[in-house]
Structure formats: C-alpha cells, structure tokens
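Structure below; questions to follow.
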C-alpha cells in the first residue's frame, strides 16, 4: 500500500547517473522541518479559534466550573495518549499521509481509500471552511462594530484567506516554515495575554468570580459529560498533523516524537490556565450567555480595546488554517502517488519542490464548501468520521503489533496506551449513534459510496479508456502549467 524508503532516499534534487552516464536530478519534497518547526506546526494546528469558543460548550455540558476544568485537563491527557500512539505509527511507517498510510499498512487499500474518500468529501474541506469562516468573522467584527458582518463579506474574506495561504504553501518551504513560526508566536501572545490578564484581575479583585462555588450544579448525566468531552477534544484537534508530513521531517524517528512530547503537555497546561483565567474574570452564567467567550472576556477587561482580542483570535484561526492546508494537502498527494486519485495530484514543482496541484486541489475543495449556506451543519459529520478513522488507525497499531512484530519501531509505547485510547475512541464513535443518529447515517452513507468508486475506478485492472485518457491529459496539462513532474526517489519514479 504505502511506499517504504530509507531516509537518505528522500534527499531532494540529488544528482545521479542515468543509463547513458548523464547527470539526472531526483525530485522529491525536502526534509526541511526540524524540531522547532514540528512544535510550531502542532501548536499551530491545535491552538486556533476553538480555545476561544469551546469553553462555553464544555461548561454548559459539565454544569460547573470545577468539573469543566477537570474535563479540559483530561481532554489534554487523552489527546497526548493518542499523539504518542501516532508517534509509534509515524516512526514505524515513515510515510506522509497520516491515517491514510497507517490504514493501508494495517488493513489494505480499500480501508485506506475509504479514509481518503471521507477526507476528500467531508473532513478536510469542511474543517478548512469552518476555520476560514471563523477567521473572517473575527477579523471583520472590529470593522462592523456592534453589527454582525454581512454573510457575503465573511465568505469573500474566508475564500481570500484560503487562496492566499494556498499560494504561500505552493512557494518555497522555507517561507512556509517561517510563517508557521510567526503564527505560533501570535498564538502564544494571545493566550499569554488572556492568562496574564486573568492573574492580574485575581490580585486586584482578591477573588475569582467563577470559582465561588466551583462544583455547584455539576451534572451527573453521563450523556452530558460525554458532550463536554466532545467540546473539549474539538479544541485539541490537530495533534496528529505532523504525521501527515512525516516525509518532510528531518530525522523523523527523533523529531516527530520529541515535538509531540514537548507540544502536548504545554498546550494542555496553557488551555487549563486559559480557562481558569476566563473563570477568574467571568461568572459561569456570563460564559454561558456569551457567543464568543474571548470577546466577552475582552469586554470586561479591555473595554474599547476588545478589538485586540478579536484580531489575535483571527490570527490564531489563520495560523490553524495555514497548518491545515499544509498538512492536509499531503494526504491527497500520497493518495494520488498510490494510484487512488488522478496522477496529476501527485506532481511536484521542479522549482519549489512543493505539491502544487495537490495544494490547489485541496484549496478548491475548501472554497466550494464556503458556498454551502449552512456549512456548520456538517461539523457533526466531520467529528464522527474523524473519530471513526482515528479509532481504526489506533486499532491498526494493535493489529500491526501482532501482524508485523519484527518491524523496527524507534518508538514503542506500552500497550496500555493504545488499548485505552482505542476504548475512548470507540466510545466517541458510538455515542453519536444515540445522540445524532441522522448525522451518523448520513456520514456512513457518504463513506460507503467510496466502495463502488474503488472497485470501478481503482481496483479494476482494465479501466475504461475514457478514465485513463482523461487522467493522462490532465496530468500532462498540469505538468506544463505548473512545471511539475512525478516524484522521483532513489531508483523509483511514482
């Protein structure tokens, strides 16, 4: 399913000799992401608009300030356990594509294609559209003042953001990595401002408004507690982003797990402290009555300077969108490289060594989702589908321990972690079956449509001529337009 190559074989533009003794160049994406870049990418993917919005959902379901803080800490721990399980997968299967590559190794091409199909139609374009709309809303709010930004303006700005970031990702990777570091700094400033303001408010007030009776109204309803975890885990989404670009990480067997071990505990601590800061300044009732907790927080402490918080939240969302565009485009690239998508998507720019067709393809899908009138209704589909495939990937880790016990594993976690995370993931998959059955049925229906596509267009040895012809013409056109060629690694050209 996936292609295994030694790390040295991924060196881009390496000179070699063809059969006639002429010098030729090997085309592949560069390993430019070091430890700092990996940390910036994980932080950039996780810390977006979620931490500035989700506290309301967690508190609403938990019922009390005390339980909501516990839920946030446990969500961070659960995400950390999932991340270290993916560290084993990412260092054992040294291929970009994340879940797509792992499902292919564990179960074969059909399950991998099911994930690719779901990512194509639901997971990636919907997630990018939601993040882009969040950015547009926050960046336009200071301009509109007391009024809400017009729907047309929001969608135009969101589309512009997707287009600009897609263009940047098509350029040299040096600029992509530097920009991600800048976004990480902006996120640190935003959360640092909230935390420090909360601490100052505590010393001035001499008390915490939200913790007067920390466990009053705590819910005992298991379904509501489960919903609080759903809201909290939504804000930690993106912990597996570095696995999607494993082929571009320097010394991935070292830097991938190190980036995870450094990033996840820090993000968890910062998230808990941010929620404590909210509850120092605001009462639980004020948080529950707020549509955007960060803005309400800003209104209380900054008054006319609330726009500072709004701009910082917008920048945080933009940084998350940048990370998503960068990492998610590699899923389509690897899928096309394995013959599961048109070959044109697997082309690499000769000049920039970036998968331009894949990035533009993904950006186009995201823009299409911005046209949908009520794109937020698709969030439930996305959450269910992602939880399903994450559970399958961690189940694949357990299966590969049995199926391929002798494969080198630079990181080998204790079996307690993947088993525990697999159980939690199964719960997250099963819970919506009872709480949102229609969304689950719709999501399953979309995934199942991949099966006839797979057997008709991919598994068949004798494909219809019009499919092969159209794919060849598209590939040639993209090669000419983008000056791109198929990836060439070592002795193999994809």
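Our numbering is plain: 1 for the first residue shown, then up by one each step along the chain.
Backbone N, Cα and C define each Cβ position, glycine as well.
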Which range is it, out of 90-113, 258-281, that shows up in TrEMBL as transmembrane segment?
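When 90-113, 258-281 are checked in TrEMBL, transmembrane segment belongs to 258-281.
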Could you tell me which of the ranges 6-32, 114-140 is annotated in TrEMBL as transmembrane segment?
114-140
Looking at 1-22, 45-66, which stretch does TrEMBL describe as region 'Disordered'?
1-22
Excluding the flanking five residues on each side, which residues at least 6 beyond the ends of the transmembrane segment (152-170) place their CB within less than 8 Å of a CB in that stretch?
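Distant contacts of the transmembrane segment (152-170): 128-129, 132-133, 135-137, 139-140, 176, 179, 318, 321-322, 325-326, 329, 349, 352, 354, 356, 359-360, 362-363, 366-367, 370-371.
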Do at least three CB pairs under 8 A connect the transmembrane segment (114-140) and the transmembrane segment (440-458), leaving out pairs fewer than 6 apart in sequence?
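By the criterion, they touch.
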Can you work out which residues elsewhere in the same chain, 6+ from the ends of the transmembrane segment (344-372), have a Cβ less than 8 Å from its Cβ atoms?
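Long-range Cβ neighbours of the transmembrane segment (344-372): 12-13, 27-30, 120, 124-126, 128-129, 132-133, 155, 158-159, 162-163, 165-166, 169-173, 325, 328-330, 332-333, 335-337, 378, 471, 474-475, 477-479, 482-487, 494.
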Looking at 65-87, 114-140, 182-204, 258-281, 412-434, which one has the highest count of Cβ pairs under 8 angstroms to the transmembrane segment (224-246)?
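The stretch with the most close Cβ contacts to the transmembrane segment (224-246) is 65-87.
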Could you tell me whether the transmembrane segment (182-204) and the transmembrane segment (378-400) are in contact, taking contact to mean 3+ Cβ pairs under 8 Å with a sequence separation of 6 or more?
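Touching, no - the transmembrane segment (378-400) and the transmembrane segment (182-204) miss the threshold of 3 or more Cβ pairs under 8 Å.
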